[in-house]
Amino acid sequence: MQKVYSKIESIVGNVITVRARGVRNSELAIVTSQGEQSYANVIKLDDDLVSLQVFSGAQGISTGDQVRFLGVPMRVSYSENLLGRVFDGTGRPRDNGPSLTDNMIDIGGPAVNPAKRIIPRNMIRTGIPMIDVFNTLVESQKLPIFSVSGEPYNPLLARIAMQAEVDLIILGGMGLKYDDYLFFKDTLENSGAMSRTIMFIHTASDPTVECMLVPDMALAVAERFAQDGKKVLVLLTDMTNFADSMKEMAITMDQVPSNRGYPGDLYSALASRYEKAVDFEGAGSVTILAVTTMPGDDVTHPVPDNTGYITEGQYYLKGGRIEPFGSLSRLKQQVNKDTRDDHRALMDGMIKLYASYKESLEKKSMGFNMTDWDEKLLKYGRLFESKLMDLSVNIPLEGALDLGWEILSDCFEPNETGLKSDLILSRWPKKLNN
Amino acid sequence: MANTSGRVLGVNGNMVTVEFDSAIAKNEVGYIHVGDDRLKGEVIRINGNTASLQVFEMTGGIRVGDAVEFSGEMLSVALGPGLLQQIYDGLQNPLPELAKQCGFFLQRGVYLDAIPNKDWEFTPLAKEGDQLRPGDTFGTVPEGLFTHQIMIPFNLADVAWKVVSIKEKGTYGVRDTICTVEDAKGTRKDLSMIFTWPVKKAIKLYEERLRPDETLVTKIRVIDTFLPVAKGGTYCTPGPFGAGKTVLQHMTSRNADVDIVIIAACGERAGEVVEVLKEFPELVDPKTGRSLMERTIIICNTSSMPVASREASVYTAVTMAEYYRQMGLSVLLLADSTSRWAQAMREMSGRLEEIPGEEAFPAYLESRIAEFYERAGKVRLRDGRIGSVTIGGTVSPAGGNFEEPVTQATLKVVGAFHGLSRERSDARKYPAIDPLTSWSKYEGIVKQAKVEYARNILRRGNEVNQMMKVVGEEGTSVSDYITYQKSELIDAFYLQQNSFDPVDASVPPERQKQTFEVLFKVLATEFDLEDKKQVRSFFNTIRQKFLDWNNVESGSERFTQIEGEIHALYQGKQRGVDPDAEQLI
């Protein structure tokens, strides 16, 4: 059925309506306006009145433009050919490569049966000590990176994309500044990681509707690769822009807003994306790391708040570092017992000492006298921050643990660390010069 | 009677408007034919000859003009032996079966039999000629730990039915006809072990509803002693994300002293359900020595599953709870989280273009929440047995702020409020129930007056602590400082509980009573301590003793020994006993 409709009844925001029969809900259509084509999808049917959301925006669309229904929902091509490529939110190439139309798969597919899920059991090594040691990322985990605008969240994602021990990286950019897009592209190309990366990029100047498609495209592709046995890491930035596009769409469609203008289904919309993270028994897995910027550093803002209820922990990016106190990987207990016998104890011990360092630092800033113990803590804190917390540090977990012992032995006597004696006996670095 | 049919007029999200030809009922189930799929939906509004259907599946692909077939039945669940140990979605689709058929994904439009086709050992209790009413038992089958009663279907007319024939003792399939009854007019009904019941209708086939006066022991100290729950009562657990709502519910589901636990995972993380799914079959119920799964039913409609069936899932769960109550059993229903259920209502209400209430929740939010919690209750059945349904719901308030509509509407109707605090969970004080703002209207296992005395110390200790933040320790009097230390002792020893320690993870009521008595004596003591340094050192010592005590098994030699040491410690510094407390001892 390829009938062309050439009378548009109404144009409101990005939504147009035409009178047509036999159209399916969620079906894709092509709108041809002034020689240019844009995709649109059916979002509402009311007898013969069909509402369509135009992906490239309704600007310049005339009531006499043509609408052709395609009879299929939104799809994306799936094959090895996607690797190393960059696409926009509708799956058109953004690089100079050919457009891909073979083996099309539906996006936004059904949820995974909870009875088929398994308890997560494999860690993903990133080479970043604040993740590997202190808040381990686990296969099939979904974690947001809570951050304020201005923090280096995109460089962090790029580092993870380069270093993470996974088969495949899928980067979904939503509302990215064009500079940031180029940054990702250049960094990954220069590091050689581009060959295992697929990018779906929506930049801030692209049409809003396309922003909403990015996670679905990225996750649909990720899911298929995982079913084919690949360990996939999906990096999304920035989910707050995704939520804001949802808000924009909902309001132009006269939906009643629920909280600060966001639509009532914000939670469900975010959850259906995040819940795509899964470990397929006998096949691969999908892991999701998603930047969520917090407007005004407010974690109770609807987007980070709803996200927190969905995800399995969070990383807080503050002052250019992954903050050890607010950050939490809920799944770390599943894996850090099997890494190395000192992993858990060292993780707890070092964080406790770091907390004491913060107290000493506060005392110092208020002008109190510093005791010997305070001085030791201050030294420890400085070393900890520069050697482990700095985001540019790239060492494997075992190296990071060894470095941890190194730092402790540089600053403290063994009995001051609060660590168990048998661990100290086996792990405390033996110094030749004292 | 031929069922009504219709055709699709419009689609908006998961709301489908349908034009129909003859009579349909509100809440009736209809199926939309899309290609080869049949998508289930429920009628939620009727206007002239058009009806609005809330569809339980994704609505992509539906066309105007698609055929709709109405079933003539309200949204119902199947009730019968074989419900226990099952894992269902919100519409009672068995998920493991579905996985066998469809693989990793939840394929839409596939509806399987909720109750597995299995043979049961049937023992008749009624004989031919008996007059029975709906809800009366005519036979039994053994279902794991329980004697499952086979009852006259609740959906038959509430009149006397005469047993025309009944099968002898023997093994029958769950869907076989095992009994035939007829009413006064001679209408005959063939009965199997299964019948259906509409989920949104409460089952009320009992003699009378009783006051919930028996404590439901959860083996969690802060709940049983300070904030008790009663069998047949209701309680809610609101808390911000990461405060440990789900962990607390899992602890409760393991340890609660009830016959059956139904877990309704409603719109939450799938990973959390998986933990229950994988752990429960391994865990042993201390009461029966059998796997915990044998007393559990899981209704699982996680956040990425269709919203409309999330709305149905809590009703599905509570209907099953009422069914087992009808057999004289005590059932605990844990719903996690009711906020997601309320949000599902909000989404539907938005699509219906209803005038929104606060935060866009529908105006009927409060009455729906009240209706749901009111389905709990302790009842005396017609044969004199007592059964109960207890409902505990978590609430996930936006931004952790309890002033939002769902929390407030819930607080109006529940009997106990366990508010979780971010402050306590950040300080790793678990369970993170705030002892000062939370409340309970039920009776606990320890005498009320003693608990009140302890709570008062907590309250005053908190005031002293606030004050100390301003004036420092120097500006605090010794007696105030002692009160503060006493409150810290209650917190560290009694309110906090380590769910990873084998002994501390579940504390039976006898032990709670025993240890609380000792704690109470310390609280009642007026101490002979001169300065704050002495106070601090004394309380550090005694606190350490108490904490060690928590990890020692009851009845062991070490247990008695530590108790003796504690007595010696506080008696050594005793100047007298607070007269207010003396009357209570």
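Cβ atoms are placed via backbone N, Cα and C, with glycine included.
Here is what TrEMBL says about this protein:
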DOMAIN    B:9-72  domain 'ATPase F1/V1/A1 complex alpha/beta subunit N-terminal'
DOMAIN    B:117-200  domain 'ATPsynthase alpha/beta subunit barrel-sandwich'
DOMAIN    B:220-440  domain 'ATPase F1/V1/A1 complex alpha/beta subunit nucleotide-binding'
BINDING   B:Gly239, B:Pro240, B:Phe241, B:Gly242, B:Ala243, B:Gly244, B:Lys245, B:Thr246  ATP binding site
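Everything TrEMBL records as a feature, shown here on the structure.
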residue	record	contacts (Cβ under 8 Å, 6+ apart)
B:Gly239	ATP binding site	B:Lys245, B:Thr394, B:Val395, B:Ser396, B:Pro397, B:Gly400, B:Gly419, B:Leu420, B:Ser421, B:Arg422, B:Ser425, B:Ala432
B:Pro240	ATP binding site	B:Ser396, B:Pro397, B:Gly399, B:Gly400, B:Leu420, B:Arg422
B:Phe241	ATP binding site	B:Ser396, B:Gly400
B:Gly242	ATP binding site	B:Arg422, B:Ser425
B:Ala243	ATP binding site	B:Gly400, B:Leu420, B:Ser421, B:Arg422, B:Arg424, B:Ser425, B:Ala432
B:Gly244	ATP binding site	B:Leu420, B:Ser425, B:Tyr430, B:Pro431, B:Ala432
B:Thr246	ATP binding site	B:Glu268, B:Glu272, B:Asp336, B:Thr394
Chain A, Cβ under 8 Å: which of the binding-site residues B:Gly239, B:Phe241, B:Gly242, B:Ala243, B:Lys245, B:Thr246 qualify: B:Phe241, B:Gly242
Helix-strand-coil residue split for the domain 'ATPase F1/V1/A1 complex alpha/beta subunit N-terminal' (B:9-72), DSSP-based: 0 helix, 41 strand, 23 coil
Reported mean pLDDT - the domain 'ATPsynthase alpha/beta subunit barrel-sandwich' (B:117-200): 95
Residue distribution over DSSP helix, strand and coil in the domain 'ATPsynthase alpha/beta subunit barrel-sandwich' (B:117-200): 0 helix, 43 strand, 41 coil
Other same-chain residues whose Cβ falls within 8 Å of the Cβ centroid of B:Gly239, B:Pro240, B:Phe241, B:Gly242, B:Ala243, B:Gly244, B:Lys245, B:Thr246, the recorded ATP site, in sequence order: B:Ser396, B:Leu420, B:Ser425, B:Ala432
